Structure formats: C-alpha cells, structure tokens
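Listed features, source TrEMBL:
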TRANSMEM  77-95  transmembrane segment
TRANSMEM  116-137  transmembrane segment
TRANSMEM  184-204  transmembrane segment
TRANSMEM  225-246  transmembrane segment
TRANSMEM  258-280  transmembrane segment
TRANSMEM  287-309  transmembrane segment
TRANSMEM  329-351  transmembrane segment
TRANSMEM  456-475  transmembrane segment
C-alpha cells in the first residue's frame, strides 16, 4: 500500500513533466487542436497486392476526434453506449473488483474510505491532460510511426500489423525527453506497470487461495496457503505472457479498446448481481448464481467468436459474423447487464427468499440496523470438516507455527523466506483475546461518521462531480 502511494507521486510528477514537453513541442494547447486533423502517415501503399492502395478513411483522424460524445451509430465510442455501458463496466471495477475493495477495506473508518475514493476521483480527472492529449501530440509529431496503416510497415515498427497506436506514449518519452528525464519517465512507466501488476496478481492469488483452494482443502494451514498463493501468481504470470500476442492483435491494435471490450463481455453480470443484491432484499443466492452463469455464457458467446475470427482492422476486416461482432462492445455490455439482471430476478422470485435475520447491514435498506445478524453459512463453518478452533485460530494452524527442534538447512531457510514463512513465531504477537475479537467485530459493523468530517467529504464529493460534469460538457 505504501509502495503504491510513493509510485503515485512518481507517476504524476513524470507525467506532468512529459505533458509540458509535449505541449511545448506542438505549439501549446491551440497547436494540438490546429494540427491533429492533419496528422496522417505518408506511407499508404502496401507491397501486398491484396492490400494495394489503402483508403484514406483508414488513416485520416476521425472528424469527431475533439468530442467525447460521438454518433450513436457510426461513432467508435457511441455516446449512449459510453454513458450507460461504460458506467456498468466502471461500476464493476470501482465497486466490486478485488483490487479496489482491498484498498477500501484497509481504511480506518468510513470517512477515511470516502476521502480516499474522492482523492481517487480527482486523480481520475488528470488522464485527459496527462495521457490522452500527449498521445494525440505523439501522432502529430510522429505520424509515420504512431499512425502507420500499411501492415508490413506497422509490423516493422511495433511488431503487429493492425496498428501502432499503443507506442504513442513510449515514443514520446524516447524521442522527446532529454536523457535524465527519459530515465525518470521509464521509471514512471515501470512504476505504473509494477503497481498494476502487483495489485492484480495479489488479488488473483487471494481469490484463488481463499475462495477456491480452501474449499478443496478446508484444513489447509497458513503455510500451505502461502505456498499455494505464490504458485498461483507464477501460473498467472505465465498465462499473461502467453496471452501477449492476442492482446497485440486485438481491437485493431488499440490496447484501451481491448481492455474495455473484454470487460464488457465479462463484467456486466457481476455489476447486475452486485446492484440487485445491494438494493433488492428479495434477491437470493440461487438467483445470483444463475444470473452470473447465464451472463457468463452470454459473454463467452461474444468473446470466443471475436477471438477466433480476430477483430481485424480497417485494412483487413474481420470475418466474424456481423450479428455477433458488429454490435459495439459497450452496447453489448448494456444488453448483457439487463439480461443478467432479469435472470437473477426471475430465479430469485421463483425460489425461497432469504429471511431478514440474515440480511442486517448487508442490504442498503438495513445498513443502519443494530440487530444481530445470523450467517447463512454458519452450519457449513461449524460442520464436521472444519478444523477445531483455539483462541480464534484453527488448532492445526497454531500447531504448525510451533518452533521446530531441528534447525532447517540453508536451502530450506531460503525457501521459507521466499514463501513468506518463518521457522517459528515465538517472538510474535500473542493471539487476540475474546474481548479484542469482539471489539474488532463491533468496529467492522460500525458505519457511523463524525458529522463535521462527513460534511467535508460529502461537499468534496459534490465538488469533484461538478468538475467532472463540467469537463464532460466542455469536451462533449
């Protein structure tokens, strides 16, 4: 967490410096808007007879490049899909994704969590000026590279035939900045990559270890879970590296479109179930399960053909059937969200509801309830397969942490250190008492706030939303 905080300052500082250099090189803010529509590559003839002379529509900047809200039919980001579909995908990420949820759960209280989210909202206003506009400037300065359209030329420049827009920012760093600052920006880009990958791998490891592996081995100890988590991270890294060629060729070589399209095929069912579970007490586990399964199957029905046929490019269109792949991915996200929500509601209404005694502080209408909540899975947690508990900890886990009488060898010590395990924790803190456990449980259930600080964060939230609305209107 502290590493991410330091990296945030490094990333912001480096991005601001690069933006200053970029705007100075292009002639300022007005120079960007004067020159962008004329930023076209001069290489438009392919040696491949099947391609030949490439149509100007494939390499000319879009006439609506200066607008956020674009045509609902012909736009590359149709405005209805952008406002509704992207809200659905963003709701999944910012409200239920493990990476974000872990950071919110680390907050001291609800006011701290709100303040962190508001700060994040302010920071999210900056990418327009620190990432999008510098990327447009990169196309102006290096049109034959960033805006390449001839497949063999793009292959030589960036290793993929469908386009090289992904190199816009790195090209700006390498060619525009002086040596010392160039190293700073490389550090900035590596810091951003490290922060994102560390968060994703850590969250993936937590989900697999705690939600899947513990069901396969309920009596797994702490050491075993640590080792399994690290092995899973290695596996995910290998899968990520093997997936790189697919990412390079997807969505015409545009990484942002690839990320949003995959999220649009997989995230809306989670968003639908999350929203319904939060605001509709009648939704139950069976409805949520079948809503997620139905939404996943529907999303895979779009994802698999698109990856099988390829998304293609302007020069070489995809052979994917129009009925499947020609619907914009954000429009598809809206349809997937609605279908998943309807399936969840239908199944929930056809099955028995969850008694209210299990819902205190879990749904919006009962968020301030002070009544004791009974866990739905209490019987499972106390079943015969569960390990005996001693002072709030599994008995076998306590036994595993007892110091060994024989010192391990050097190799074993290195392995234990690498896996985050120690030979013994005799000097560590004692297990919490029952009173401490009860106090911690009460604090977890408390969402009360100091009235003065609550007003401060609420006003800041309104201010942040006002600024964001102004920018949306200004660049609409």
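Even glycines carry a Cβ here, placed using N, Cα and C.
A Cβ distance under 8 Å defines the sequence-distant neighbours of the transmembrane segment (287-309), meaning residues of its chain 6+ beyond its ends; these are 246, 250, 261-262, 265-266, 268-270, 272-273, 276-277, 318-321, 324-325, 329, 332, 336, 339-341, 343-349, 351.
With Cβ pairs under 8 Å as the measure, the transmembrane segment (456-475) is packed most heavily against 116-137, out of 77-95, 116-137, 184-204, 258-280, 329-351. The transmembrane segment (225-246) shares more Cβ pairs under 8 Å with 184-204 than with any other stretch in the list 77-95, 116-137, 184-204, 258-280, 329-351. Taking residue pairs at least 6 apart in sequence, the transmembrane segment (329-351) and the transmembrane segment (77-95) share three or more C-beta contacts under 8 angstroms.
Distant neighbours of the transmembrane segment (184-204): 3-4, 7-8, 10-11, 13-15, 17-18, 97-99, 102, 169-170, 173, 177, 232-233, 236-237; these residues of the same chain sit at least 6 beyond its ends, with a Cβ under 8 Å from one of its Cβ atoms.
Within the chain, the transmembrane segment (258-280) has long-range Cβ neighbours (under 8 A, six or more residues past its boundaries) at 85-86, 88-89, 91-93, 95-96, 247, 250-251, 287-288, 291-292, 294-296, 298-300, 302-303, 306, 311, 329-330, 332-334, 336-338, 340-341, 344-345, 348, 363-365.
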